[in-house]
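To start, the structure under review is shown below, and the notes come after it.
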């Protein structure tokens, strides 16, 4: 029996749009009842730790963080650890709805005006053609950002990704220099069980572990990968970076951990941290003479307001919003600013350029021997509400992933260039039925496989289409502008077809390509042609949600770099960008964990800089570093970094005891 609402220590408030509204009408009654039960659970609602919306911020703050998303929540929480610093976080959305903590409702807040920016690309010539060429990009307009609406998969990318950053101008961002900042936030629950202490650690604010429920089909896909010759692995963040696995996720025993939940809620009682919700930042205020940030302008409740900045403003709006705010502030390509009559504070041609994203194609398969039974009913709801187990405690097939090398992979196969994402077996909507009727009427189940190119070469751009901050920027990803991605996807699709035709999946599930899917493309069937896959990629594009690069980090010698390696905007004092937009090249995997790492790293740059300035006063001046590309302050003053130099072989990382002894893990 499902318990009634619990008596929590603090009053529970229903936050955000109703989750039930994301389901078709026939599910509305059951989903509304379920939502009321979820809202009544103290551990999910977490009413005592929720941030309080500061309706009227103070006149000025030491630091103003713009955007409380995956990176911004980290920055604000870390800066506020110093009780002497006043920190304001401005977030365009509201707080997290309680049901967003349920992993199965991973897409419940997509396409909702209150929680999603509802961004779309300009029409593409070679992509998303089944949707008129317009690709949808769900982006979290909510405290916690995309960490509230993503699949929670914990992937760091490949060590060579970060080494490439460092070689190409991002000094201090090599793998061994960023690894401690991955570890700082991590609290891995499966060390010694599924993952190694050589690669993971404990004690950070984000719990990381596998979900508590996995469809049996997912395990059989892993076995199918082994049948194809891919090595068995339980951790694609470890020694083995190819193969298929049930991935770890940012969750704690069946409930999502966004960065808002992990970082901001524990800090919610700090008197020096203010959070203002539903506050859309329109621009950063820059003194035209000194080129120093003096304030931030924002819109709340239809009124334009401003707040003063005493030390720094930090843009953490993400890859699509941060460059827009920069341009609205007068920082960006001169011709764009002049076109919209925006006073030029700094001509930085790289703002909005280098936009790129993982891109893929969606393949559809039918399991002819697997009945379509609803995962969400009263039985599974009870299992979750009472024990945090069952289908609601996971994301169905989305927790499964795989990485392989196409024939075009470089680095001797050490950095796979294809990743697979799976969909199906969701417990997203239901009517409470236990499934008997479904068993009688449908003896088949559908699943999809997205084949994704991890190292895209196509580059697009983002620019203004208006000076109105409420209007979205114009986004042109130029998908498949370089045919390289199509070649990789064709090769990856053939591997996916081989996977579906393995003995275990063919005999146990009768897995076949879905009849009629992609019928618009000639050359299909059981042995499709390259032209078929190329057509399918352009028709049924998987545009992904890993946008990066629009405020590229690099050396002062790079004319397209927007920030230096300490994430300071070139030519503007007191302004940094700390989010995924600074990535020169997208990592080979999901971007949530790298975005958290960037938040940790950026916060440490800021903390170190102002601690040194406080200690040495005017004798400490990093202006020269700012213009020369930057020498990492934490690296200069911290002898522990020398210890990392001994680990030159990327196949081995320092043991957890080394982290603890040298105090480089979370503290």
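Quick reminder: no glycine exception, Cβ is built from N, Cα and C everywhere.
The structure displayed is predicted, hence computed values, not measured ones.
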Per TrEMBL record, range annotated region 'Disordered' [choices 619-639, 640-660]: 619-639
Mean predicted confidence [pLDDT] for the domain 'Glucose-methanol-choline oxidoreductase N-terminal' (318-332): 99
Same-chain residues at least 6 apart in sequence whose Cβ lies under 8 Å from residue 281 (FAD binding site): 66, 67, 90, 92, 296, 297, 298, 317, 325, 469
Cβ neighbours within the same chain of residue 71 (FAD binding site) - under 8 Å, at least six residues apart: 145, 259, 316, 318, 578, 579, 580, 595, 596, 598, 599, 602
Residue 70 (FAD binding site) - helix vs strand vs coil (DSSP): coil
Surrounding CB atoms that lie within 10 Å of the CB of residue 70 (FAD binding site), all protein chains: 30
